Amino acid sequence: LTGVLDDCLCDIESIDDFNTFKIFPKIQKLQERDYFRYYKVNLKRPCPFWADDGHCSIKDCHVEPCPESKIPVGIKAGSSNKYSKAANNSKELEDCEQANKLGAVNSTLSNQSKEAFIDWARYDDSQDHFCELDDERSPDAQYVDLLLNPERYTGYKGPSAWRVWNSIYEENCFKPRSVYRPLNPLAPSRGGSCLLVSVCHFSWTGLCLEKRVFYKLISGLHASINLHLCANYLLEETWGKPRWGPNVKEFTRRFDPAETKGEGPRRLKNLYFLYLIELRALSKVAPYFERAVVDLYTGNGHEDAESKALLLDIFRDTKSFHMHFDEKSMFAGDKKGAKSLKEEFRLHFKNISRIMDCVGCDKCRLWGKLQTQGLGTALKILFSEKEIQSLPENSPSKGFQLTRQEIVALVNAFGR
């Protein structure tokens with residue numbers, strides 16, 4: 001791929017160079033740190049749109065939850081918002097059992113802090129979310145170590161996978177006028193396909209910027225998932241020892257122009273577009289984390305300080321990139337029309353996040369939910385610029401708040 005991306009003033013070569021030499025090595029290190037490797041997810045939520053057609057029985061679809069004893073005490077204690085020093089100023093956190101009893105509001109906090117936490121909870125229940133969030137208090141919600149459950153090809157394919165993507169594109173995506181998508185799972189196919197690929201031929205005529213952006217984000221997310229399946233593919237399994245690695249043939253089948261009727265490069269360009277959107281969100285949310293009140297709390301003071309320093313270093317790099325996507329051009333029409341379109345945008349994306357509960361393979365569901373929540377968090381940030389700019393320096397946030405789950409999803413989705 002070469003050249004300038006549509007709807008951007010950015011070229012692919014500049015993104016490659018910036019990512020390879022500045023961002024990727026640091027984001028990899030950040031993902032390995034305790035704060036970012038443990039993600040709480042409910043993989044048992046029923047599909048809200050159609051009768052469950054059964055979970056994948058392939059062993060590589062299985063997700064191994066993390067034993068309670070392995071979760072850092074600062075992560076599992078109390079509410080999901082407890083990542084600041086003020087929220088964790090308690091000796092009892094050294095004792096796991098006692099920490100669990102403290103519940104959502106630490107009993108040693110001042111009344112003012114308690115009110116702030118209640119305000120956080122109220123805000124989290126408001127209508128700013130682009131995703132359907134898991135209830136972390138559900139007994140079915142479990143911590144997963146993302147490093148031990150990597151995103152890769154599991155063998156999940158066929159009608160179940162087809163139905164998920166078909167529902168996303170056909171019912172929840174702003175589509176170009178003419179779309180050709182031979183996704184019939186009963187049609188003869190060549191080789192395995194974990195999450196079936198769409199083939200599109202279309203013109204953008206009549207589709208406004210906002211709807212083009214939405215379509216390209218979903219296509220980019222789809223391309224990202226397919227890329228990871230190709231890059232971490234089960235190449236052979238001898239004597240119970242699987243060998244995973246890049247499958248060039250599968251990559252060619254999904255992205256080569258000759259194999260995709262010329263559509264493959266467009267999918268990859270949409271992946272670059274997705275990268276730019278999430279990069280922009282990271283640069284915009286930097287002031288939120290630069291405040292002293294925000295501490296990536298796990299209970300290990302030395303590691304927490306290193307994690308925050310690395311995150312702030314990444315933020316500095318994101319700000320140094322001179323060809324960001326300009327989200328100010330979106331929803332810039334008349335106020336009533338812009339508000340209506342923004343709400344339609346949000347509800348479409350929220351519906352897509354709910355469809356992730358229909359994925360039959362647990363590992364695919366895990367990474368689908370995480371990357372969707374990460375993108376939803378990025379969109380929430382981009383539409384909250386004024387709230388972020390007016391954050392108080394030394395007290396919990398009013399008006400804009402990220403839970404630990406959203407932070408973990410944002411960083412890992414961008415890492416993907």
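Each Cβ is built from the backbone N, Cα and C atoms, and glycine gets one as well.
Per TrEMBL, the disulphide partner of CYS361 among CYS230, CYS364 is CYS364. Using a 10 angstroms CA-CA radius around TRP165 (FAD binding site), none of the recorded positions in CYS61, CYS361, CYS364 qualify. The two recorded residues, CYS364 (active site) and CYS61 (disulfide bond), show a Cα separation of 7 Å. Residues ARG152, THR154, TRP165, SER219, HIS222, ARG254 are recorded as binding FAD; their most distant pair of Cα atoms lies 21 Å apart.
Closest to CYS361 (active site, nucleophile) in space, going by CA atoms and restricting to the recorded positions CYS61, THR154, HIS222, ARG254, is CYS61.
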